[in-house]
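J.: Got a structure for you, written out below as structure tokens; questions coming shortly.
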Amino acid sequence: MRATPIERRRSRLVPRSSISLTILMVVLVLYTLVPLAYLVINSTKSQDDFFTSFGLSFGSSFNLFQNIGEVFSYNDGIYSRWFLNTIFYVVVSAGGATILAALAGYGIAKFRFRGRNAVFAVVLGAVAIPGTALALPTFLLFSSIGLVNTPWAIIIPSLVSPFGLYLMWTYATDAVPSEILEAARIDGAGEFRTFFTVSLRLLAPGLVTVLLFSIVTTWNNYFLPLIMLSDPKLYPLTLGLAQWNAQSTGTNADPIQNLIITGSLIAIIPLIAVFLFLQRYWQSGLAAGSVK
Amino acid sequence: MAAVVASVSKTPTRTRRRLGIPIGWGFVTPFLVFFVIAILAPVVYAIYLSLFREQIVGGSGFVGFDNYVRAFTDPEFWAGVGRVIAFMIVQVPIMLAFSLIAALAIDSGRLRAPGFYRILLFLPYAVPGVVAVLIWGFIYGPRFGLVGSINNFLGAQIFTPLTPDWVLASIANISVWEFAGYNMVIFYAALRTVPSELYEAASLDGAGPLRTVMSIKLPALRGALVITTIFSIIGSFQLFNEPNLLKPIAPNAITSNFTPNLYAYTLSFAGQQYNYSATIAIVMGLITAIIAYVVQLRGTRKELA
């Protein structure tokens, strides 16, 4: 298992650094950073400055804190509501998806039972089914059983992560030695007890990886909430920001670009922080999922 | 992924509960319950819906494959399919080239602080797609955006990213920005698994950097290339968020059938044509599956040769 990134061979074959490669990479980094810089710079502008000043220069006044205040107070503080909704959806969906994937991946990796290969093949076949293709049929099904416009409509589809199961299976296969399970059995421990007391600890790095990707998927979800939810009080941030954007254009426009931009900035900070803190996990997780 | 299925039977333990139900099922069942509710049932229900049609009188009636016949002869649907294929042909190679070059550069050992580039290029992946489109939408804005400022400076409408001619390219640019870094990390991870002895052997044989790339690194990346290509193709065919979010600021360029997903969405929510909408979703799912399968076949065949 590639839990720790392999940082070797640097010393041996390292020639001097290359100027042309560096220039190329700086160009790519600039392309990547310009939109983010645009977001940061414009979050400091008032609505008037936004329309009158150049996109990548600061405005006549520094309005960041005023904008932040307005984001949270606009429309009776609906933004805070969206923020809390997002956190709720993320905690329940990503947490649940990780537990379900861990149990199932571990079950397939460590137990032999009739139908095991069939289960694995069916679930893996679903890895390639994109969420957007499923969303519409899921909406049609959920509306026929009265689940639309409830938090469940967002949570239930997010609980299933075939890719997470696949990651947990690869991880559990190597990280949990069968000898330990044998020993626990001889001691008379039940399989679920062994799982929660012994195996779960060994699976921790894999769990964090799956959790991380589930968090990103749920935090960034747009299509599913868009079709499932009609009550703005249930919206996650993505849908709320999209709604602010839609109401800022058109005939009866209520332009609040400064709030959209500042609200977007606040919405991306938690995920960027998570990624910076958990680098080890996403780098190794992507490796485990794709190198095969 | 076929290889994965084949290798599943690696020495797990066969244990039974007293009731005779294998304990493995106890672990797998919670996942399967939600799998059935959230994946299997919707697919089955969509297939069921696609075989019916709302009648003017008396509910819906069974129509067999009529909806499919309609889909196959529906110019609005195929216009959307054509658009996502054009998008895919341009966007996927550009994005993967970006990712590949960046991964090779970071892995080359000829950059100072390679980890710094890796993290910065990956950052857009942490930005929700909605926010990415909103930011780029502002940048593209002809009146107040960055592009508008540049046009004012130049004194002419040189750049018009939101016109019908350019909007698809503008969307492709957003997708490249969002996912190039993510694919770069996948490539980089694959490069890290190459054993260092291979590089030592190559350098003893007098292989230069270019030769090393062609003979060692690119072959090592084949699996990662196949997977990223498949997922990028799937992403192209499912294009929805970007056009739907740009629609308010580019109403003339983005029609309600701009992509097949947008068409299916419009059919459901503006037209209440659930049966036909389900049919479109299934047809798109099938087309996507076929193309992904062909890419995987070609990718693995090369591996054998």
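Glycine residues also receive a Cβ, built from the backbone N, Cα and C atoms like all the rest.
The domain 'ABC transmembrane type-1' feature in TrEMBL is assigned to A:83-278. Look at TrEMBL and you will find A:21-41, A:82-106, A:118-140, A:152-172, A:202-224, A:259-278 tagged as transmembrane segment.
Looking at the shown structure, what environment does each listed feature sit in?
T.: Listed as Cβ neighbours of the transmembrane segment (A:21-41) (distance under 8 Å, sequence separation of 6 or more from its ends, same chain) are residues 55-58, 261, 264-265, 268.
Same-chain residues lying 6+ beyond the ends of the transmembrane segment (A:82-106) with a Cβ under 8 Å from its Cβ atoms: 123, 151, 154-155, 158-161, 164-169, 171-172, 176, 195, 199-200, 203, 206-207, 210-211, 214-215, 217-219, 221, 234-240, 266-267.
Using a Cβ-Cβ cut-off under 8 Å and counting only residues 6 or more beyond its ends in the same chain, the transmembrane segment (A:259-278) has close neighbours at 39-40, 42-43, 50, 64, 67-68, 70-71, 74, 79, 83, 86, 208, 212, 215-216, 219-220, 237-238, 240-241, 244-245, 248.
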